[in-house]
Amino acid sequence: MSQDIAAYTAPFAEVAHQRTVFPEGLALDCGATVAPLAVAWRAYGTLNAARSNAILVCHALTGDQYVAETHPLTGKPGWWGNVVGPGLPIDTERYFVVCSNVLGGCMGTTGPREPRAEGEEPWGTDFPQVTIRDMVRAQHRLMEHLGIGRWLAVVGGSMGGMQVLEWAATYPEAVGAAAPIATAVHHSAQNIAFDEVGRAAIHNDPDWRGGRYWEDGSLPARGLSVARMVAHITYLSEQALTRKFGRRLRGASALTFLEDVFEVESYLRHQGSTFVRRFDANAYLTITRAMDFFDLAAEHGGELAAAFRGASAAGTRFCVVSFSSDWLFPTEESRTLVRALNAAAANVSFVEIRSDKGHDAFLLDEPDFHRTLGGFLAGCAERLGV
Amino acid sequence: MRATDTTDRAAAPAQGRLRDRPAGRLPGGAESRPAGHPPVRFVAKNMRLDLRLIAGMIPHGARVLDIGCGDGALLDHLTREKGADARGIEIDMEEATRAVAQGLAVIHGDADQDLAFYPDDAFDYVVLSRTLQAVEHPREVLAQMLRIGRHAIVSFPNFGHWQMRWRLLVTGRMPDTETWNRPWYETPNIHPCTIQDFFDLCAKDGYEVEQWLAVDERGLRSPWRRFVSLANLFGEQALFLLRRADGIPPRAAPATPG
């Protein structure tokens, strides 16, 4: 058996993630309990004596806790290295920045890839269906463990933004400020549809083996890479794809019927193939489902504004940001959110950043966005005397 | 708040930040900054004169919504000097971004669209400065202001000013003045009114005028306080402080978003 597990993890380099284990586990929305609960996390900067300068960064679907440092597995720079760091909008010289791998993820936090218990086989498809709120509860455990009573701010884009909203709804007293970026209060039918294409690609890969691919050391690499390719298209705008690739051919001057002729094809295939080396297929299924299930209004009797009454009363300040060319989480979704926040009389700022880079803009070099986020956080810190 | 459209802005880049303002620059304002200038903290003495007059109407600690807040000069002043809970709406993305980057609570939005989503009596004062003439539905906007706020402060350029009357009479064409400086076919100021007109609308919709004043071309408070007809002739800008007349409930709140 131990051999099986070694084979299962073979495509992944063995990395010991920094993590905290909570033996009592975590009760989930679905009724199940995962125990023990492990939360893998990274922190940057210094927590001040008053413990008032902590910012939680929530990562997106395929992100992880390595926000602002070289990734131990891929060797690539942190996914938000242009936002989190000394002198950057989330200034690590001023704030103590924490980011944890989400529940259900595959970078050290309890999820389908992790063994059920020491020496046992991985959870695999038996891992219970978690929700965004479960992810937030796991982060709340970490917050208590770190001795932090209240985040100066909780910040995140895309699925990270969903967690930010869930934080404000579930633990309003613990959220000084909330910055949900390029996100929505639920997935649209279109979002769910794209996720389902990705899941179907994984399910239909013969190597998936009903989710027990780890038993014989295989990987549903084709299915997972197709899922990544489809998803990647949704992260970019048409203009961004055109600008990057146009109809350029790769190593050829004219169209032939050979494979891989357009540069955009080769790019997507590269995206797909590198992804399977760092992401677990069952984790992908679990997390995309959690995003699809997320519906903040439904959690509050169908009235979205009700989700924010607590945050409004607690004085949580919101900064909602959308990007004009993001068609995965369009600006209109952010407006819906802003209107509900206004209806709850919450303190809210909102800007739509003009960008042609699509949903991915929140990860890229967008000076207006960085100025907005940095100014918002600095204003909150000033107000709270940090 | 439909101040200008992008075509207008693209066509008139040389006018500086004021190009985003619908109309009615008061003399003595010091708000013009070249594009790309780094954000600055505002101090009251640098604030536009009409904003200073507005700030003077707002008591300490009030909850304020400034519609068409630009880059937030009034909000910043009210927050710092008056301990107000001040929030803003701005239609221009660059201005809104600049305001948020200064730590102000501003949403990128539109008076015609977004007021309906605030609850009744969410604010003590709702401010609409030099923007009423540019919104699509001024009467509805005013009604919303006095639904979500206990008081409304409204300023607008007076179309009844003698220069307007004189130019129309003499030239037979739409007046072209410093304040009304766009041709009729591209002006954002689609609903101009006079001081007299505004009094009439307040009476019709049941708003009590708590305070009003007219300002002349030099930005000074004009002395025609007792005679509306004279103010309507010589006042270039008008400033009103309104409240719902006693016993009149706010209009029914629209459905909140689900």
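Backbone N, Cα and C define each Cβ position, glycine as well.
Taken verbatim from TrEMBL:
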- A:Ser158: active site, nucleophile (ACT_SITE)
- A:Asp326: active site (ACT_SITE)
- A:His359: active site (ACT_SITE)
- A:Arg228, A:Asp360: substrate binding site (BINDING)
- A:53-364: domain 'AB hydrolase-1' (DOMAIN)
Hey, does DSSP put A:His359 (active site) in a helix, a strand, or just coil?
helix
Same-chain residues six or more away whose CB lies under 8 A from the CB of A:Ser158 (active site, nucleophile)?
A:Ala60, A:Leu61, A:Ile181, A:Ala182, A:Thr183, A:Leu328, A:Phe329, A:His359, A:Phe362
Return the single residue from the recorded positions list (A:Asp326, A:Asp360) that has the minimum number of other CB atoms within 10 Å.
A:Asp360
Cα of A:Arg228 (substrate binding site) to Cα of A:Asp326 (active site): how many Å, rounded?
18
Can you tell me how far the Cα of A:Asp360 (substrate binding site) sits from the Cα of A:Asp326 (active site), in Å?
8
Can you count the other CB atoms that lie within 10 A of the CB of A:His359 (active site)?
25
Cβ atoms near A:Arg228 (substrate binding site) (within 10 Å, other residues, all chains):
23
